[in-house]
Amino acid sequence: MAKCSYVFCAVLLIFIVAIGEMEAAGSKLCEKTSKTYSGKCDNKKCDKKCIEWEKAQHGACHKREAGKESCFCYFDCSKSPPGATPAPPGAAPPPAAGGSPSPPADGGSPPPPADGGSPPVDGGSPPPPSTH
């Protein structure tokens, strides 16, 4: 009979440790104020905008500083949330860090010179700058 209670205690201890490990392995959510939601906060709209525009797992309205209700997005802490304000779905992405967008795929025309003048029509070199 005593051996049975030792086995029961050992199984119970293993079970408790396993439950603790499952909770630790679960993803933890990080809260961040929405960058795209404005106006009176509505939970359904906040949730939808956080998921679709900010790639969050969830969104909800909460009162924080000064009693104002704001939309908060919840991200998986193991992944980093988007840094910049995302573009709406279907919009063209912003230019690369260099500042100017890449030329069109079909060739297109070269970008204008940095000094603001227009490029020569024949494709030759531009005239020298004036001295006056």
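For all residues, glycine too, the Cβ spot is worked out from N, Cα and C.
Record features, source Swiss-Prot:
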- 83-114: compositional bias 'Pro residues' (COMPBIAS)
- 115-124: compositional bias 'Low complexity' (COMPBIAS)
- C30-C77: disulfide bond (DISULFID)
- C41-C61: disulfide bond (DISULFID)
- C46-C71: disulfide bond (DISULFID)
- C50-C73: disulfide bond (DISULFID)
- 28-77: region 'Defensin-like domain' (REGION)
- 81-132: region 'Disordered' (REGION)
- 1-24: signal peptide (SIGNAL)
Handout entry: Top Cα neighbour of C30 (disulfide bond) in the set of disulfide-bonded residues C41, C50, C61, C71, C73
Key = C73
Problem - Confidence summary for the region 'Defensin-like domain' (28-77), mean pLDDT rounded - result: 91
Practice task
Check C41 (disulfide bond) against DSSP and tell me helix, strand or coil, would you?
Solution key: coil
Exercise for the section: Would you mind reading off the Cα separation of C71 (disulfide bond) from C77 (disulfide bond), to the nearest angstrom? Expected result: 18
Completion exercise
Comparing local Cβ density (other Cβ atoms within 10 Å) for the disulfide-bonded residues C61, C71, C73 points to C73
Fill in the blank from the handout: For C77 (disulfide bond), the closest of the disulfide-bonded residues by C-alpha position, picking from C41, C46, C50, C61, is C50
Problem - Count of other CB atoms lying within 10 Å of the CB belonging to C41 (disulfide bond) - result: 19
Fill in the blank from the handout: Between the C-alpha atoms of C73 (disulfide bond) and C41 (disulfide bond), the distance in angstrom, to the nearest integer, is 12
Exercise for the section: For the region 'Defensin-like domain' (28-77), jot down how many residues DSSP puts in helix, in strand and in coil. Expected result: 15 helix, 19 strand, 16 coil
Exercise for the section: Just name the most isolated of the disulfide-bonded residues C30, C46, C50, C77, going by other Cβ atoms within 10 Å of its Cβ. Expected result: C77
